[in-house]
């Protein structure tokens with residue numbers, strides 16, 4: 001259902017020849033209105049790809065009438081010429097779509113850093129995609145933005161007379177702030193850009209910003225939310241925000257489930273923290289500990305590595321009051337040996353780590369992956 | 001030459017049976033004076049092993065007459081009973097060595113977290129080690145502290161009539177502040193504890209604190225410097241500090257060269273930074289980027305991953321002024337494509353990354369390793 005689940009949107013996904021292997025690599029999503037409100041959240045990496053710089057400007061106006069996305073090249077670290085390429089892409093979209101302006105066309109790119117895009121193929125692809133725009137094109141668009149993703153990712157939530165749908169790509173370089181992801185969400189609810197922005201920021205803060213496959217922050221992360229108003233329904237902000245969060249959570253979980261080379265999805269819940277910030281800091285520290293990630297891969301409930309990760313943070317806690325459960329077995333109590341580690345069953349893909357800081361009442365959940373030889377293989381051969 | 005290169009020291013290394021495989025696992029280093037000055041630097045992890053808590057107290061007095069070290073168990077996260085074990089170990093050393101007090105015996109442990117040490121074997125081992133103390137025992141002591149180290153590590157620097165020597169163990173969980181290491185340095189120079197402390201802190205700051213094999217900070221890191229004064233020479237502080245730095249640098253480089261599963265040693269030099277802190281922050285960010293570490297393993301000069309790592313820091317720089325060289329080929333200039341990446345020869349074990357922030361005149365060097373399938377294999381099977 002993807003980005004065309006909501007009324008007022010058309011989409012297409014085609015093979016423009018940007019990827020050498022001939023797979024689909026260009027997606028176009030068009031908001032046919034009547035409203036064209038939009039909001040966006042972007043990578044916090046200071047080295048931003050050209051399309052991120054461009055789209056941040058577009059979204060400042062609170063309006064986006066279309067989004068063009070390509071895989072096969074990130075257009076990052078490509079200098080002023082790379083930025084011109086992004087600009088030319090937006091101009092081309094405006095040209096082939098009647099009544100659109102380039103300043104309202106968001107651009108997103110994903111793939112290798114440091115190479116220019118083949119603009120002849122890309123611009124011809126925009127024409128082809130425009131010709132294939134359809135109310136049923138959401139699935140094809142989701143397929144066209146895949147890079148090392150093994151499956152395309154879509155999600156939908158239904159409101160009372162309105163819908164939020166979306167697509168995502170991302171399989172590596174996943175880290176908070178945001179993960180290496182392109183996400184486009186659409187809704188036919190009648191929500192102004194300020195309402196979209198509030199809902200989107202709240203949703204990404206507890207979903208995409210809390211998945212961490214490998215601690216590596218991307219240059220291209222982009223999450224867009226477009227509203228057509230085509231349902232004619234003005235939703236309650238809370239209900240709308242919850243629907244956006246549901247779709248983001250679903251897509252974020254799909255990203256972790258498809259992370260490069262991973263054999264385990266690790267749900268890290270930090271409880272009894274003095275503050276939510278403390279809980280997030282501790283969760284991320286655990287999520288990024290390579291030794292722990294290897295242990296989880298080996299189905300080894302190595303709680304000592306959890307404690308050593310917690311110990312590197314500035315969160316409020318006393319070392320001799322820490323408790324850790326792995327798959328609900330409290331293998332560490334009061335900073336020392338707890339229940340028998342042989343009771344921990346780690347055969348399944350999902351592994352749950354609970355870290356109890358015994359310092360307050362706040363909590364947070366971070367999703368991560370294990371570290372595997374397959375991850376090393378995929379990422380040591382990616383650009384060669 | 002190790003810890004017995006300097007006059008006034010005896011050492012021993014024996015197999016006490018702490019390790020199941022019968023390998024040497026207990027080392028004893030004794031300072032026979034006439035002076036027994038000492039200084040220590042310990043892990044900044046807030047979850048500290050019992051021997052770290054103990055030895056920090058010992059070193060506060062500025063005196064250490066002996067150091068007992070064991071591999072085969074870290075005695076970390078072992079609660080009050082683990083601390084009693086450390087205390088009993090120091091008492092045993094004081095008992096078997098005439099005229100020593102437990103409060104001047106430093107203890108260091110390394111191995112798995114979260115298991116109690118077999119104290120009967122350990123205490124019997126202390127007796128055996130004391131009986132085997134020798135002016136030529138430094139090598140055996142260095143061998144007895146190995147865990148997953150493939151080789152034992154020693155280094156020596158000669159001053160004008162005095163000597164600094166030392167031993168180190170460490171092969172994984174290497175990260176600044178400090179790496180997972182046990183290091184004992186000895187000198188026969190006549191230096192009071194304040195002079196030792198100044199020299200040791202200055203040396204570790206730019207050596208052990210700047211190696212980072214896997215970003216994981218240990219619970220047990222201990223670096224000790226003991227002075228016997230047996231040479232009768234009072235050295236100039238600068239010359240002494242430089243000798244200590246030389247030995248630390250040599251040992252730190254050996255740690256990186258023996259890191260678990262690594263196939264490359266990566267020398268990351270950040271130049272033209274606005275401050276040394278900026279240079280270190282950027283160097284560590286590059287050192288910890290799993291995607292880059294995989295790329296280096298694959299001999300792929302993937303400078304985009306260097307830029308994306310720099311972009312996550314708070315250092316002063318402009319993205320479009322960053323330059324990156326890999327093995328002296330400036331593959332990234334002004335934040336974009338530079339010299340031909342095919343010119344980069346990455347066949348050798350040492351890889352040099354230079355990151356030019358174009359923001360000042362400060363610099364720093366961080367040493368790291370690549371990320372390999374062997375690292376994953378070693379660390380997913382370590383405790384099982």
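Glycine is no exception: its Cβ is also placed from the backbone N, Cα and C atoms.
Keep in mind that TrEMBL annotations are predicted by a computer and have not been checked by a curator.
As recorded in TrEMBL, the features of this protein are as follows:
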BINDING   B:147, B:169, B:180, B:260, B:379, B:384  substrate binding site
ACT_SITE  B:180  active site, nucleophile
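Projection of TrEMBL feature records onto the structure.
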residue : record                 : DSSP class
B:147   : substrate binding site : coil
B:169   : substrate binding site : strand
B:260   : substrate binding site : coil
B:379   : substrate binding site : helix
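Sorted by the number of other CB atoms within 10 A, the binding-site residues B:147, B:379 start with B:147, the lowest.
All protein chains considered, the CB of residue B:169 (substrate binding site) has 27 other CB atoms within 10 Å. Cβ neighbours within 10 Å of residue B:260 (substrate binding site), excluding its own Cβ and spanning all shown chains: 26. Candidate binding-site residues B:147, B:169, B:260, B:379 yield B:379 as lying near chain A, with Cβ-Cβ distance under 8 angstroms.
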